[in-house]
């Protein structure tokens, strides 16, 4: 599982002392080759953390030899000092990895990712020694520890794996709040031992995130730090067909995305919003997102109240093509709204389980989309009013 | 105060039995003239309640002789039957008001407004007799009772008054949840005894709502029923200057809008978001709304945590003109973020009071806007998960 499920990768997760809690807070993932192809996608927030600005440039080169990730501080909104800290972090990783193998690593191929509180500078006096400690612990079995070290408010670490004949795609993710698309707020590192070049990695990764992480919207809040990286070592010497490879990447992203929703801060329901019979896929996504972000509906679902009126009021705020008198809505497969009005008996809806399925039929075409979200709970409020994150 | 502060109006508020609670649920406001000029603005939600569809047509004629409002049911998403019920309600009001004064009232000049649960038909067997009861109680002092009868989850009724030499503008409002612009979710009836024609009323009302009710965004949820009506009786025989009149209308709308925020479901903070130095007013509104709708920030403010990082992450999701490195943010006048990075000490921010002021300086121009919102609380979740509204 995790980032060392695929051959050609070592990883470590250690406690550098960045977090006051004393829990693991620094992860290192190293591609041992033979190839170092890579791709990445980043937050579409225009306020971007220093490590995002840095790693975007790294990814443009198409090669990543290592990724260093820290929890305990986002290094976002930290000005020029924050960018210098990210640069120094990459330099340190290159320096440490080059010990015994000079000139193997360049800081320009070291990606950096950070997560935690916005607006504070990282404690570099702890982070830099932590890199030495992590490098000393690098192991082909270190994937789980790396996944644990990137947790913030996550209650569990998240890993997934897929693959084909002789090759593997594995990955780890963290994210529990500020989860909304473009991307969901999270750090994700995917690795593969398939022998794939960076243009194909980029294409597969963008196709996968578009319908997975980009459709995870726990709380409507977009982060400054979202990063998804895909690294290929080529260690399996197998080059799968593109479609098969892309599907494996999508499977891992989908699995991790569902785990993010399942562990979202304070949530008691995982809500699958499916919009069907839309005129365009964009319409389906817009309507799905509007439903997923409606606080009143999210409260109702928390209370196990199949309040379809709030679904309709959310649909009505969009620019999607639809006729209000032809809207149909099902909650857990009971069509409680038909033709924009009262449908089947709402008392037929069984909402005792964690998963809730909302189906919104726009009667306007043949396109569809699925958005995942959570309910809105008092626990979410408590966690996010008591914790400065 | 209320809708009978201005001369030329009578009103009543009674218990028709629409609500199970037995509290007042039907209000009637009658313009006794000499003129019956009127204007109205309605929700921009594309899913619109039957009374909205009806009253929009009434307003197009420029004359309203009476408004009937009920709480206890929104008559939204109720299909053709819902529209027939609204029509029957207007017919009944005209019939009752014509007793003793035949042909004075036509149903085509009777506006209807409803509020309450979406997706249930109104109990017409209670509503229609209620109209007779309300008509019997019409009084030039009935404004307060009318304001009380339109409450749903409102803890207090809301009225306001302004005016000039010899003329008055008064009004009543209800709204506590599903409060978001285009318009805030609410029913509002404004009356004036100024001698003003309907084009001037329309102009003054649109100008007023644009910068008041349209910038009240308690929970980001737009209603199916929002209605704001302005009725002029001309009873004062005074025609004020347009600017003076428009300012009085704006003052009453602003006052009522602030009362809506102050009484929003579960809220513990009234949050004034001011965006300054924007390139355009639209930019300022877009940024203000994005900040006002950020659940994580609303939780932080509930916890009295001046979490400016969440303000920046919200600004970053907009399309407004700004440079991330030139953003400044003050919370309660302490500039905790300067040039996109750490500013004054956040411990200087005193957040003990109900009102919180956020100032976002985009450093991109000279335009500004103010949006009012509330914090997100466990009480909001409780109220909206336990109550099917």
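Using the three backbone atoms N, Cα and C, a Cβ is placed for every residue, glycine included.
TrEMBL entries are annotated by machine, without manual review.
As given in TrEMBL:
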{"type": "BINDING", "residues": "B:152, B:174, B:185, B:265, B:384, B:389", "note": "substrate binding site"}
{"type": "ACT_SITE", "residues": "B:185", "note": "active site, nucleophile"}
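In this entry, B:384 stand out among the binding-site residues B:152, B:174, B:265, B:384 as having a C-beta under 8 A from a C-beta of chain A. Comparing the binding-site residues B:152, B:384 by how many other C-beta atoms lie within 10 angstroms of each C-beta, the top residue is B:384.
Using a 10 Å Cβ-Cβ cutoff, residue B:174 (substrate binding site) registers 27 neighbours. Taken residue by residue with DSSP, residue B:152 (substrate binding site) is part of neither helix nor strand, so it is coil. Note on residue B:265 (substrate binding site): other Cβ atoms within 10 Å of its Cβ, all shown chains, come to 27.
Under the three-state DSSP scheme, residue B:174 (substrate binding site) falls in the strand class.
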